[in-house]
Amino acid sequence: MEIIIRHTPAEVAQVAASLLEPFIRTGATLGLATGSTPNPTYQELIRRHREEGLSFAKCRAFLLDEYYGLPASHEQSYHATIRRELTHHIDIADENVHSLDGAAVDPAQEVEDYEEAIEDAGGVDIQILGIGTNGHIAFNEPTSSLRSRTRLITLHPRTVADNARFFDSSDEVPRHALTQGIGTIMEARHLILIATGPAKADAARALIEGPLSASCPASALQLHNNATVLLDEAAAANLEGLAYYKAKEPYWPVGETYSC
Ligand code: GLP
């Protein structure tokens with residue numbers, strides 16, 4: 001696991017965009033996350049698209065998850081969110097932006113079809129991840145099997161509370177979601193997990209330094225061969241090995257563009 005720490009979320013976004021850029025240039029299949037954390041990275045990618053000609057035309061994308069019970073047209077569906085935050089501002093074809101259908105009548109069939117679509121696309125080349133305050137990735141809540149596949153899940157009360165800020169009241173937050181499983185996510189060839197802000201400090205520590213455990217779904221990244229964790233100082237504040245992670249960072253190429 002590579003750990004990169006920057007002072008601010010804006011600096012983290014620069015590094016994340018630079019890690020993603022070579023993949024985008026080669027028309028990779030991107031795994032996209034929603035939530036507020038990746039938004040500065042998406043804004044930087046949009047800037048590079050507009051000002052530097054970074055093209056997404058050959059890319060396709062798969063979203064991690066979706067609220068179950070929200071139609072795609074709902075403004076808080078992840079289908080709508082990713083379009084608002086990223087894909088409507090770049091040159092990726094809309095039909096190449098895939099997501100789970102939160103209104104699916106047959107969720108079991110929906111998740112099976114989604115797994116198949118990812119496989120048919122040749123798998124995800126690089127997956128962006130955020131992390132929940134309880135250590136979840138996508139919507140894989142604590143106790144999710146580390147080998148789980150895409151499925152319907154009940155949201156943890158803490159997740160409902162955390163995500164209530166996007167809705168008029170917590171009563172409106174869906175209690176269920178469709179989510180790629182941890183096993184599904186782990187099949188992506190590269191993972192980039194971004195965590196910023198003090199609310200993520202405990203989860204970041206559990207992910208990096210805690211035991212590999214279904215109690216912290218993100219700890220599964222410890223088993224991935226190409227996982228990069230990008231943190232700002234606030235999210236890195238509780239790491240015991242902070243000095244070591246900072247010391248080994250020059251291992252990374254210096255400059256704007258990272259080659260992976
Ligand atoms: C949701 C999403 C996750 C995301 C998490 C954190 O639960 N399903 O993919 O990582 O929220 O969101 P935020 O980045 O807004 O803190």
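Cβ coordinates come from backbone N, Cα and C, glycine included.
Annotated features, as they stand in TrEMBL:
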{"type": "ACT_SITE", "residues": "Asp65", "note": "active site, proton acceptor"}
{"type": "ACT_SITE", "residues": "Asn134", "note": "active site, for ring-opening step"}
{"type": "ACT_SITE", "residues": "His136", "note": "active site, proton acceptor"}
{"type": "ACT_SITE", "residues": "Glu141", "note": "active site, for ring-opening step"}
{"type": "DOMAIN", "residues": "13-228", "note": "domain 'Glucosamine/galactosamine-6-phosphate isomerase'"}
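Location within the structure of each feature annotated in TrEMBL.
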residue	record	CB count, 10 Å
Asp65	active site, proton acceptor	24
Asn134	active site, for ring-opening step	19
His136	active site, proton acceptor	26
Glu141	active site, for ring-opening step	22
Listed active-site residues with Cβ under 6 Å from ligand 1, out of Asp65, Asn134, Glu141: Asp65
